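According to Swiss-Prot, the feature active site maps to ASP8, GLU68, ASP140, an assignment based on sequence analysis. Here Swiss-Prot flags ASP8, ASP140 as Mg(2+) 1 binding site, drawing on sequence analysis. Annotated Mg(2+) 2 binding site per Swiss-Prot: GLU68, in sequence order, evidence recorded as sequence analysis.
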Amino acid sequence: MIRIIGVDPGLRRTGWGIIETLGNSLRFIASGTITSDGDMDLASRLCQLHDGLAEVVHSYQPHEAAVEQTFVNKDATATLKLGQARGIAMLVPARAGLRVAEYAPNAVKKAVIGVGHGEKQQIHMMLKVLMPKAEFKGNDAADALAIAICHAHNRQAITSRLAALAG
């Protein structure tokens with residue numbers, strides 16, 4: 001079994017989801033959201049995200065990590081802050097020795113619901129289909145689980161291609 005953490009980075013809320021995969025099977029382990037205090041300065045908020053994610057990685061001991069890529073919007077300040085939160089989301093698992101993969105939002109949706117553009121409710125429904133025991137509160141945790149599933153599908157495809165080349 002390979003344990004994967006998916007991370008949906010955000011300065012206010014960073015979602016995380018842990019799954020295990022073996023072949024085509026997926027198993028829900030845990031999910032949640034790390035929040036930062038909007039009344040604190042940026043550095044302190046980033047520390048809150050770092051410490052919260054480090055605790056999750058330490059507690060659940062994933063083998064690999066996947067983080068959603070950011071999109072650039074018209075608000076440059078918001079994009080920069082999201083980029084800083086994303087840096088934390090990549091740094092924490094990397095410092096724990098995990099390989100960190102990155103996926104575009106449309107690749108995540110395609111892996112979970114079959115198309116690159118879809119509604120949050122479609123993702124929630126498919127998470128329950130793929131992992132009936134999955135529990136998630138809010139979009140951030142659901143998105144993080146979807147990111148982990150996307151990585152599980154992609155790592156399986158890569159492993160299959162490597163096996164075909166070797167054999």
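Heads up, the Cβ atoms here are built off N, Cα and C, so glycines get one too.
DSSP assigns ASP8 (active site) to a strand.
If you draw a 10 Å sphere around the CB of GLU68 (active site), it holds 24 other CB atoms from the protein chains shown. For the pair formed by ASP140 (active site) and GLU68 (active site), distance between Cα atoms is given as 11 Å, rounded to the nearest Å. Put simply, ASP8 (active site) is 6 Å from GLU68 (active site) when counted between their Cα atoms. DSSP assigns GLU68 (active site) to a strand in the three-state reduction. Following the DSSP three-state reduction, the secondary structure of ASP140 (active site) is helix.
Here the Cβ of ASP140 (active site) has 23 other Cβ atoms within 10 Å, regardless of which shown protein chain they belong to. Taking Cβ-Cβ distances under 8 Å and a sequence separation of 6 or more, the neighbours of ASP8 (active site) in its chain are THR14, GLY15, TRP16, GLU68, ASP140, ALA141, ASP143, ALA144, ILE147.
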